[in-house]
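Note sheet for the following structure.
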Amino acid sequence: MYLPAMPTITEQMRAASWLVQLSLSAYLVGLAAMMLVYGALSDRVGRRPVLLWSTAAFSLCSLAVACSQNAEQLLLFRVLQGLSAGAGGVVGRALIQDTLQGPAAMRAMSQVIMAFVLAPAIAPLLGGYLLDALGWRAVFLAQAGFAAALFAWALVQLGETLQPAHRVRLGMRAMGRTYLTVARDAHYQAMVLAGSLTFMIFSLYIGAAAWFVLQVLALQVTEFGWVFIPLVVGAMLGAAVSARQASRWSRSKQMLVGYGLMLTASACNCAYFICTDSPQVPFAVLALALASLAFALLNPCICLMAVERHAGYRGMANSLLSFEQTLFFAAVTAFLCPALEPSATALAAALFVAVLLSGVIMLRSVTSERTVEHVAGTPS
C-alpha cells in the first residue's frame, strides 16, 4: 500500500533509497518468521484466538509505523508490523480445510486466493490517492483502521472451526520434528516452489512497481492502477472461473488450462517489450491480466496438493508453505527487482522463465508421484 510513497518517504526522511526499499523486505521477513509460529499455535489453541490477537497487534504496529521519525524507526516498526501480519493467510487456509473438502474446498480456496491477490494489487492504488491527498503517514493510519475494523468483525462473527478434540498439543521438540517431516517431503517442496514461481506475476510487478510505473511507463503516482487494475481484474475472473468449474473440471484439467494461459500471457508480454522501445498503456499491461487469471486457476490446486498429505497438521503445513513462499517473495523484491531495473524486457523475461520452470517442476513431481503409486499398486 505504501509503494507509491517510497520516493516521498526517502525525501522527507533524507534517507538512502535502498534503505527505504529495504523496509518492504523487512516487513516480509517479519511476516515469514511468524508464519511458522501462527500455524503451530492455531493447531494448539484454535484458529479464532490467533486471528484476533494478531489482527489487534497489526493495528497497533501500523500506528507505530505512521509515527516513524527516521528510516531506522521505519525499518524496526515495519518488521514488527510484519510479525503481526502472518496469521491471515496461514490460519485462513486452515479454517477452510477444517470445514470443507473436495470441490467445496476448491471453491472456498479460490475465493480466499482472490482476496489475498486483490489486497496487494488494490493497495498501491489506495496508497497513491492517500499519498496525494494526505501524505505518506495516512497510508499506515488507514492500515491501522482497516485492521481495527477487521478485528471488530471477527470478534462478533468468526466462530472456532478446530474443536478441542482435534487440537494438537505438541512441545517445541515435537513441533520441530513435525516441521522437519513436512519440509523433507519432496512433493510438498515441489508444490511450494511451483506456486512461488507462478506468484512471480505479482512479486515481480509489485516489487518493481515504483520504477516500472514511474520510469518505464512514465506515469504519475496516482496512476499505479494501470498496472494493478489488470492484475485485480484477471485475479477476480480467474477465481470466479475456478469456483464455477470446481465441480466440473478435474484438478489436472484446471492446471493444464492455467499453465497454458500463463505461458501464453508471459510469452506475449516478452514479445511486446522486445518489439517496442516506448511501451504504452494499455498495451504494456494487457498480458498481465491474462497471467493473473491463470494464476488464480493454478494456485488453489497447488496449495491443496501441497497440504493434503499432511492433514493431521494443517496449520503447520500451511505455515511452512506460507513461510517459504513469503521468503521467496522477499528475495525477489529485495534482489531480483532492483537488479532488473529499469529494463521492462528483462522483467518480462524473468516472468516467462519463472512460469516455464514452474510447469517443468509440476510435471516432474506429478509424474514421479504417479510412478510411485503405480509401483506401490503392482503385485510383487
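Numbering starts at 1 and runs along the chain as it is shown here.
A Cβ is built for glycine as well, from the same backbone N, Cα and C atoms used for every other residue.
What TrEMBL says about a protein is an automatic prediction, not a curated fact.
TrEMBL lists 1-371 with the feature domain 'Major facilitator superfamily (MFS) profile'.
What TrEMBL lists as transmembrane segment is 15-38 (among others).
Within its own chain, the transmembrane segment (50-71) has Cβ neighbours under 8 Å at 13, 15-16, 19-20, 23, 34, 38, 41-42, 77-78, 80-81, 83-88, 91, 137-141, 143-145, 147-148, 150-151, 154-155, 158, counting only residues six or more beyond its boundaries. Summarising the annotation, TrEMBL assigns transmembrane segment to 50-71 (among others).
Listed as Cβ neighbours of the transmembrane segment (77-96) (distance under 8 Å, sequence separation of 6 or more from its ends, same chain) are residues 23-24, 26-35, 37-39, 42-43, 47, 50-51, 54-55, 57-58, 60-62, 64-65, 68, 105, 108-109, 112, 116, 161-162, 303, 307, 314-315, 318-319, 322, 326. What TrEMBL lists as transmembrane segment is 77-96 (among others).
As annotated by TrEMBL, transmembrane segment applies to 108-130 (among others).
The feature transmembrane segment is assigned by TrEMBL to 136-156 (among others).
The feature transmembrane segment is assigned by TrEMBL to 190-212 (among others).
The transmembrane segment annotation in TrEMBL covers 224-243 (among others). Packing against the transmembrane segment (224-243) from elsewhere in the chain are residues 3-4, 106-107, 110-111, 113-114, 117-118, 121-122, 124-125, 127-128, 201-202, 205, 209, 212-213, 217, 254, 281-282, 285-286, 288-297, 300: each is 6 or more residues past its ends and has a CB under 8 Å from a CB in it.
The annotation transmembrane segment is assigned in TrEMBL to 255-274 (among others). For the transmembrane segment (255-274), the list of distant contacts is 198, 201, 249, 283-284, 287-288, 290-291, 293-295, 297-298, 301-302, 344-345, 347-349, 351-352, 354-356, 358-359, 362: same-chain residues at least six beyond its ends, Cβ to Cβ under 8 Å.
Look at TrEMBL and you will find 280-307 (among others) tagged as transmembrane segment.
TrEMBL lists 319-336 (among others) with the feature transmembrane segment.
What TrEMBL records for 342-363 (among others) is transmembrane segment. Residues 190-191, 193-195, 197-198, 200-201, 204-205, 208, 211-212, 215-216, 255, 259, 262-263, 266-267, 269-270, 272-274, 279, 284, 291, 302, 336 of the same chain lie 6 or more positions beyond the ends of the transmembrane segment (342-363) yet place their CB under 8 Å from a CB of it.
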